[in-house]
2 protein chains.
Amino acid sequence: MSLALHSQAKVFSGWHKQYTHTSDVLNCDMRFAIFLPESASFDSPVPVLYWLSGLTCTDENFMQKAGAFQKAAELGIAIVAPDTSPRGEGVADDPEQAYDFGLGAGFYLDATQPPWNQHYHMYSYVTKELPKLIEAHFPVTQVKSISGHSMGGHGALSIGLKNPQQYRSISAFSPIVHPSICPWGNKAFSHYLGDDKATWLAYDSCELLKNSTQSVPILIDQGEADNFLAEQLKTEYFVAIAEQMDRDIEVRMQPGYDHSYFFIQTFIAEHLEFHARYLK
Amino acid sequence: MSLALHSQAKVFSGWHKQYTHTSDVLNCDMRFAIFLPESASFDSPVPVLYWLSGLTCTDENFMQKAGAFQKAAELGIAIVAPDTSPRGEGVADDPEQAYDFGLGAGFYLDATQPPWNQHYHMYSYVTKELPKLIEAHFPVTQVKSISGHSMGGHGALSIGLKNPQQYRSISAFSPIVHPSICPWGNKAFSHYLGDDKATWLAYDSCELLKNSTQSVPILIDQGEADNFLAEQLKTEYFVAIAEQMDRDIEVRMQPGYDHSYFFIQTFIAEHLEFHARYLK
């Protein structure tokens with residue numbers, strides 16, 4: 001498991017670095033980014049927040065646009081941002097190269113249908129291979145939380161709910177909470193997982209929450225002016241299930257905010273403070 | 001002078017908006033971006049920081065990557081970011097479409113040589129037309145400061161030094177301080193202004209500082225790990241002149257930082273606090 005440094009820049013006295021590596025799970029070369037606060041050292045390792053980005057993104061969008069590093073440096077938290085799908089010439093893409101399926105749209109699941117099952121195993125990559133790599137190479141502890149935006153909000157919620165012992169806390173911006181019943185989820189799940197909708201439920205955060213037995217603290221921010229709210233995100237389903245359960249779940253509807261990184265920028269410090277309470 | 005709204009997003013309770021308009025000075029359509037803090041209203045207008053970006057940038061780079069809005073909202077400062085050159089099909093570009101000349105590389109001067117003198121009047125646009133437009137349409141005062149990065153640091157310093165009564169304070173990240181003697185400046189100035197180097201001095205911040213009679217406070221941050229420092233930026237010339245003058249100029253060499261927006265992100269709050277002291 002060797003890493004090649006792709007770029008590095010000092011930021012808030014810590015470091016933003018990008019690395020490439022060959023992923024066994026995805027069967028291709030991948031790039032990820034890591035922010036390491038100045039306080040991180042092998043004598044004094046720090047916990048990690050995994051950030052999962054949305055449709056069309058790479059490891060770069062959050063790192064460049066979220067404005068997260070000042071607070072992460074202050075709290076002593078590393079941030080790891082993987083890409084949003086397998087990449088490379090041999091990796092199948094949507095025949096129409098649509099933005100919402102194939103490259104840049106891995107949906108953080110393990111595909112079972114050909115040709116997608118050759119590379120599209122983002123679930124196993126994010127939950128197993130990547131943390132193993134990070135913990136082997138960087139001054140971090142095994143203590144971790146998970147967050148993400150839109151498709152990555154779906155990723156953070158579904159991964160966190162499926163692995164309550166692995167993540168201390170979960171947060172999301174504008175998540176796709178109920179992919180089984182929205183157009184983005186329908187398209188992706190039918191190709192990656194096939195037509196048997198029973199298999200979809202294993203990656204649907206509403207279903208996972210309903211059936212979960214262990215409580216992991218969850219914070220969700222959702223902009224009320226988000227163009228995707230009604231058709232794709234469907235936050236109200238998650239809220240309705242959460243209200244029936246006695247769980248530590250907060251869903252904040254934010255008036256006037258849209259689906260952009262300007263929204264994320266506004267509340268990322270509060271998400272980092274939320275995670276920091278459980279990462280210590 | 002009419003404006004067309006291109007985009008808007010709520011951020012830190014204020015608004016980021018992009019507008020397009022027809023520029024008389026540049027003889028083409030232009031886009032700019034503005035951040036307006038929540039506190040700005042026509043009953044309670046706020047001062048403006050003009051931000052000038054570097055080579056290849058548009059109005060978007062700073063607004064998306066600098067992480068400036070939390071502090072600007074707190075201080076009650078609007079930020080205006082113009083594009084870095086005239087734009088459009090009729091606007092001449094470098095025949096080789098190089099990144100450092102022509103489109104995206106207006107160098108904040110008024111070109112005198114054909115074909116550049118048809119559109120390339122960024123100096124007049126930034127100092128006259130744009131402020132007039134901003135002050136006519138938005139809840140801002142006429143009180144202003146100026147800042148920028150790299151080519152935009154050159155723009156901020158040269159414009160501020162040439163117009164000490166118009167700007168309360170000047171700051172820059174990684175500025176091209178002595179364009180007359182560096183490759184980027186040589187290429188741009190010889191095309192835009194012609195071969196008579198005497199005309200170049202009117203846009204060279206080292207020359208302008210040497211000959212300036214009015215003192216405007218200046219703050220410069222320069223990364224010591226900036227790949228462009230020795231060949232293009234030449235900060236040491238500006239420092240040497242400043243040291244011989246009894247002026248309010250601070251140049252901070254920042255160990256380990258490079259030329260990127262990660263560097264800007266790290267110190268932008270301190271620049272905003274610096275400007276706020278003079279904008280009140």
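Using the three backbone atoms N, Cα and C, a Cβ is placed for every residue, glycine included.
Where the annotation comes from TrEMBL, it is an automatic prediction and has not been curated.
Features of the protein shown, as given by TrEMBL:
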ACT_SITE  B:S150  active site, charge relay system
ACT_SITE  B:D226  active site, charge relay system
ACT_SITE  B:H259  active site, charge relay system
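Long-range Cβ proximity for B:D226 (active site, charge relay system), meaning a same-chain Cβ under 8 A and a gap of 6 or more residues, is found for B:S174, B:L233, B:Y257, B:D258, B:H259, B:F263. In the three-state DSSP scheme, B:S150 (active site, charge relay system) is classed as coil. For the active-site residues B:S150, B:H259, the greatest number of Cβ atoms within 10 Å around a candidate Cβ is found at B:S150. According to DSSP, B:H259 (active site, charge relay system) is assigned to coil rather than to any helix or strand.
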